[in-house]
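Notes follow the structure.
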Amino acid sequence: MKKADAPSSEPPELKALWESWLADLGWQPSEQQQQQLQQLYPLVMAGNRTQNLTRITDPIDFWEKHLWDSLRGLRLLGSWEAIQAQPWRGIDIGTGAGFPGIPAQIALPQTRFTLLDSTQRKIAFVQDILQRLSLTQARAVAQRAEIWGQDPQERGSYDIALARALASAEICAEYCLPLLKVGGRAILYRGHWTEAEAQTLEQALELLGGKLIHVEAFTTPRSRGVRHCLLLEKVAPTPPPYPRSPGTPKRQPLGQSNRP
């Protein structure tokens, strides 16, 4: 299958952004990684013509809000030098068009990512992208997170879990924690973050065997948008009832008075 080339008429500002990873993220991609990241924009835009993958179509916004944002969250796991060498199992829950999972797979080549989404058409698109970018260590799966988290082969088997633009933090925690090993970590990508949200999340984590380790606030490099990334750790086995049946986490988010 023919690989997509990077756009030949990129705006000058975008060309500068492609060279700014080290300053913005403390990360320097290899030539192959840079090429893979640059190929994502034309591939996603081509897919966007036939299905609703993203509303972000400006190339500079795409770099910041999909690529940079996806990679920025990984910094919570440790130094780039350390995490790039880890033979982890990772999962991106609710991957959509492949974010943050595809950029994460490019940046962490030793990790084997599962990109999970309940929509078959989106997973077919992601599978095509993985093939075009030769990301053979990753897989894309069409399944609900609630079902995947109760699968005996998947439950408790992942080192890291990512959830971005998916649902409220306590819902994301119910999707992520059952899939993690004890000691595994989840990164939840958020916009603004409030004390009320933190309290609700803490209540959910008590039920799920998790702990909120760190909340990191930052701004995006171009639009100066406010972002927060939450680092969770699984400190005890998740009780068998979680995740609850499909749809229940969203209908009845976990909280102090919400036990199975």
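Indices start at 1 and increase along the chain as displayed.
A Cβ is built for glycine as well, from the same backbone N, Cα and C atoms used for every other residue.
The S-adenosyl-L-methionine binding site annotation in Swiss-Prot covers GLY94, PHE99, ASP117, SER118, THR119, ALA145, GLU146, ARG164 and is backed by sequence analysis. Under the DSSP three-state reduction, ALA145 (S-adenosyl-L-methionine binding site) is assigned to helix. The Cβ neighbour count for ALA145 (S-adenosyl-L-methionine binding site), using a 10 Å radius and every protein chain shown, is 27.
Here the compositional bias 'Pro residues' (237-246) is broken down by DSSP into helix, strand and coil counts: 0 helix, 0 strand, 10 coil. Taken from Swiss-Prot, the feature compositional bias 'Pro residues' applies to 237-246.
The region 'Disordered' feature in Swiss-Prot is assigned to 236-260.
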Using DSSP, what's the helix, strand and coil tally for the region 'Disordered' (236-260)?
4 helix, 0 strand, 21 coil
Among all chains shown, work out which of the binding-site residues SER118, THR119 has the most CB atoms within 10 A of its CB.
SER118
